[in-house]
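K.L.:
Okay, handing you the structure first.
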Amino acid sequence: MTKRAYNFNAGPAALPLEVLQQAQEQLVDYAGAGMSIMEMSHRSAIYEQVNEETQSLLRELFGIPSNYKVLFLQGGASTQFAMIPMNLLPAGKVGAYVATGSWADKALKEAKLFGETTVVASSEADKFNRIPDLSNVEIPSNAAYLHVTSNETIEGTQYKQFPVTGDIPLIGDMSSDILSRPVDVSQFGLIYAGAQKNLGPSGVTIVIAREDLVQESPKSIATMLRYDTHVKNNSLYNTPPSFSVYLVNLMLKWVQSRGGVAAMEQYNRDKTQLIYDTIDQSGGFYRGFADAGSRSAMNLTFRIHSEELEKQFVKESEANGFVGLKGHRSVGGLRASTYNAVPLESCKALAEFMVDFQKRNG
Ligand code: PLP
């Protein structure tokens, strides 16, 4: 049996063993071609089929309406922080942002380089431990879009519902929770996500955009940074990250074989409940960082009352086969990332380890 770590990395993150094994089987000879998919021309019929099929699978699994384009780009979600205002924020309009944490903040900072921005709601005063209440949020009438970060990977918070924005396009950074739960895509103008947490390896960024928003980009933008370049060329304008797209394809088939996105949501809920219950039943030994109503089902952030014990927790967890439990340096403490591919068994093992650690140190 292949020995696998209990991988709780925040990203790049765990992939299912079955997916890795399939990639291994096909590594040197894809579909009888006598070569690896990564050695093949991206203009070949075989790769074009991978490109098409991966789009169709994502459309089907995520319920993407036919008036939306699916793009496979490079540069990570961080490049989207810039491409969004470059393409969609004209002079005279304002880019509206919800400040929920570290990633929303980066998206906002980047947009400021290209145009006028405004923050319509923020939880900064509470160290970003929750998603602000957006039920009465006021979006300026000259807003080009409203940008939200559906899951804050570092703070461990997640939207339970998205704001209704009427005619103003809603833009969602779903890098750390795409395909972990059903989403009404039609509520969004554009969704983007780096693949390396829930969808596959790093190297490819998924953009799902309503056609009318990406048909015609401003002429002054560099070719590679224009959405219309990639729309017109079906994500094959230049050499695509073909091996990453192929792995996303395998990952999507894996999600499909597990019953689709709604089944993934239930599975993720079962996994995280094991850990959140352990935190809540610890009598204060463990403290969740995020407000209970904003807790993420992907990144579970928690603390122990002493930093010494937190260090010891990380050290002992590593000795017991756990990986990636140290919190991000900006929040401190501990973080378990439980993306789609993290098995229930890993979460069970972590919950047991936490109980045992408390017994020995409580
Ligand atoms: N947005 C969120 C929510 C993230 O978690 C990350 C990475 O962790 C990013 C954006 C940046 O993604 P990338 O590294 O693909 O640029």
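Cβ atoms here come from the backbone N, Cα and C positions, even for glycine.
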K.L.:
TrEMBL has Ala77, Ser78, Trp103, Asp173, Gln196, Asn238, Thr239 binding pyridoxal 5'-phosphate. Which one of Thr118, Thr153, Thr157 is in the same site?
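P.N.:
Only hit among Thr118, Thr153, Thr157 in TrEMBL's pyridoxal 5'-phosphate site, alongside Ala77, Ser78, Trp103, Asp173, Gln196, Asn238, Thr239: Thr153.
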K.L.:
Within the domain 'Aminotransferase class V' (6-345) only, compute the mean pLDDT.
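P.N.:
It averages 97.
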K.L.:
Same chain only, sequence gap of 6 or more: which residues have a CB within under 8 Å of the CB of Lys197 (N6-(pyridoxal phosphate)lysine)?
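P.N.:
For Lys197 (N6-(pyridoxal phosphate)lysine), the qualifying residues are Ala10, Gly11, Pro12, Ala13, Thr153, Ser175, Ser176, Ile178, Met298, Ser337, Tyr339.
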K.L.:
If I take the alpha carbons of Arg43 (L-glutamate binding site) and Ala77 (pyridoxal 5'-phosphate binding site), what is the distance between them in whole Å?
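P.N.:
About 26 Å separates the two Cα atoms.
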K.L.:
Just to be sure I understand the contacts, which recorded positions have a Cβ under 6 angstroms from any atom of ligand 1? Candidates are Arg43, Ser78, Trp103, Lys197, Asn238, Thr239.
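P.N.:
Among Arg43, Ser78, Trp103, Lys197, Asn238, Thr239, near ligand 1: Ser78, Trp103.
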